[in-house]
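Engineer: As annotated in TrEMBL:
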DOMAIN    16-309  domain 'Sugar phosphate transporter'
TRANSMEM  12-32  transmembrane segment
TRANSMEM  38-59  transmembrane segment
TRANSMEM  80-97  transmembrane segment
TRANSMEM  103-128  transmembrane segment
TRANSMEM  135-153  transmembrane segment
TRANSMEM  159-179  transmembrane segment
TRANSMEM  199-216  transmembrane segment
TRANSMEM  236-255  transmembrane segment
TRANSMEM  267-289  transmembrane segment
TRANSMEM  295-317  transmembrane segment
Amino acid sequence: MACPVQFLCRAVRTVGLVLVYYVFSIGITFYNKWLMKGFHYPLFMTLVHLTIIFCLSTLTRSAMQCWTGKPRVMLNWTDYLTKVAPVAIATALDIGLSNWSFLFITISLYTMTKSSAVLFILFFSLVFKLEHPNPYLIVVVLLIASGLFMFTFKSTQFNLKGFIMVLLASFIGGIRWTLTQVLMQKAELGLQNPIDTMYHLQPLMFMGLFPLFLFNEGLSLSTSEKLFRVNELSHLLYTLVMLSIGGSLAFGLGFSEFLLVSKTSSLTLSIAGIFKEACTLLLAAGLMGDRMSGLNLMGFAVCVSGISLHVGLKTYYSKSKINSLRQLPVKNSQDLEVPLLCHMEDEGEETAADDDKEQEILL
């Protein structure tokens, strides 16, 4: 009886985590698009978000340290500037350009173009030798690229400037996530906890994006009635509250992604991401009035099939690697005498070790 109950609890937990991830991910997309209609300073908005994330991560780190009694990780300047800085700069440009594009394009075009990040992630994963060359990757690339072309072909709401911004953000996003994977795999840095990662990334992200903000928005914002030339205090407070809500959503998105991966798997996050894009397009058509032709919808289906193939291939090769490791010859003859008992004991020890490791990461 315990097995069905345990399975049901895990299923309910997974569904709950996916729904929380959807709320933050879809919520921040529509919220930023809505905010950009009346507040045309996306880079300043991103800087405010980075500041809020840093403050929330600092408070969370302090609370975790008080709760556990263990000091949090603090990198030295050499590691900080040589290993964290590239990730921070790439992340800042990715997020900044993505928010900037909302001034020009619809949510549906943004969602589809952002899906091309898988292509750049594949490319840079091959460059950094995180992925092994595979002939099926050619099919994945062709499906995603052709789907993106079909979606943008003769689109009535196509904007070249916004499209280039998102495409550039996707390219930088490929660098960002590849470098992030390398950073997270460096156990000696101790940045497996996303709170510690966000805490270390935000200051460098702010400094990396600030010059671009000064060049594009500094003068216009300083003379705008939205902030510095505001006539009434209530308008200023309203603007700051609206920006703070977006920053809180951004913090929740980063943390919900980690919870989903740590409690389930990266495969669950990938599959959830596919359905999230479909939900985003449906909501964009229903709430924002985005128009899509039959060819555009077909392009979306082709693109999703390419992403699904990529997820399926990663799952297949991951299982094959695990099975090949399990089939290695056993040198200890005692393990061959009672295989079932040893297998059960090993599973118990691995489960306990995984639970302890998960608790360490979360705390």
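Just so it is clear, glycine is given a Cβ too, placed from its N, Cα and C backbone atoms.
Unlike curated records, TrEMBL annotations are generated automatically.
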Engineer: Decide whether the stretches the transmembrane segment (103-128) and the transmembrane segment (199-216) have at least 3 CB pairs under 8 angstroms, with pairs required to be 6 or more apart in sequence.
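Structural biologist: With fewer than 3 qualifying Cβ pairs, these stretches do not touch.
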Engineer: Taking contact to mean 3 or more CB pairs closer than 8 A (sequence separation of 6 or more), are the transmembrane segment (80-97) and the transmembrane segment (135-153) in contact?
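Structural biologist: These two stretches do not touch.
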